[in-house]
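Trainee: Have a look at this one.
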Amino acid sequence: LPLLLKATLLRLASGSYRPFYNGFYYNHIMNDNDDGQDKVDYFSGAKLVVETSKDPVYSYSGANVTLPCHYRYEPDMGPKRKIRIKWSKLRDDYTKEQDVMVAIGKTYMAFGDFKGRAHIHQASRHEASLVISDVRLKDDGKYRCEVIDGLEDESDVVDLRLQGIVFPYQPPRGQYRLNFHEAEQVCRDQGAILANFNQLFQAWSEGLDWCNAGWLADGTVQYPIRLPRKPCGGVHLAPGIRSYGPRHRHLHRFDAFCFSSALKGEVFYLDRLAGMTLEEAKQSCQDAGAEIARVGHLYSAWKFLGLDRCNAGWLADGSVRYPIATPRANCGPEEPGVRSFGFPSKGRFGVFCYKER
């Protein structure tokens, strides 16, 4: 033990050890002149303050968005040495934060899915805003802006929310057949992702009422109830989001709540006099220079483009559905929505196709 302690002290004294701060090694962090000599930086009395937007920043799939972040010193001490900026994304399940990008001066590096899509916007001396281009569904969430000046380290959080729609999904096999990982996959297959709690809550506030429990992105299982009733938690419970809490991601099985945002293309309807089988429907879309639409495409077109069609059509998952923006006779219930005929094994219908712009 004495030998180990002595070796450790010698290593520290030799200067080979570098302190580890905020996920990055800082060589000579006290001295930006880079002359190889570390020096003590006594506290100057200036306080570093970092501020982001207190209100959520709204965007949509395929757009460009700026997450504002500014910093200042109290009192202002004039020009400071180069500061370090780090942006990270907080995960829904509260596990380790996801690195987005780091920047020192005009040099920056983006990570993972943000490579080629993220950069720092510095229109003013104390700006550290993050620009994300070609916004994707999974970009939705909370982001931390962290500013590091020597030993001073301050941060603030901004919330990016995508304008979108939540829809419940059951596979052809029926109710409560999906573990968490299968739920993630079926949402991706439908041009969507698993919804988070904020998205489900927003959908509930807009009228979503669904009595089947489904997975959310954080591994919890919940369902939204507007009209309390006996099979859905009881008549004496107030309206709201019912929660089963976290469930086992491999063993437990439920439905899924998927989230889709605005489209970068269009959804259109094709039909033949005698209708089409599913395979004929897929081919018809290909012949039109498109693909057969997914469930997420149809919901997004109904929500954001006002798609209204009182004709049932095939979708990529083998389901048959149709969107109604203006309820009318012979087109289902009195409320707007996407109607479903389930997954017919036989039958001939039209088809909804999707084409990128």
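Just so it is clear, glycine is given a Cβ too, placed from its N, Cα and C backbone atoms.
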Trainee: Cys331 has a disulfide partner in TrEMBL; which of Cys310, Cys353 is it?
Mentor: Cys310
Trainee: How do the residues of the domain 'Ig-like' (46-158) split into helix, strand and coil according to DSSP?
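Mentor: Helix (H, G, I), strand (E, B), coil: 6 helix, 61 strand, 46 coil.
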Trainee: Across all protein chains in the structure, which of the disulfide-bonded residues Cys211, Cys232, Cys310, Cys331 has the highest Cβ count within 10 Å?
Mentor: Cys232
Trainee: Take the domain 'Link' (165-260) and count its residues per DSSP category (helix H/G/I, strand E/B, coil), listing them in that order.
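Mentor: Tallied per class, the domain 'Link' (165-260) gives 22 helix, 30 strand, 44 coil.
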Trainee: What does the structure give for the C-alpha distance between Cys211 (disulfide bond) and Cys310 (disulfide bond)? Integer Å is fine.
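Mentor: On Cα coordinates alone, these residues lie 26 Å apart.
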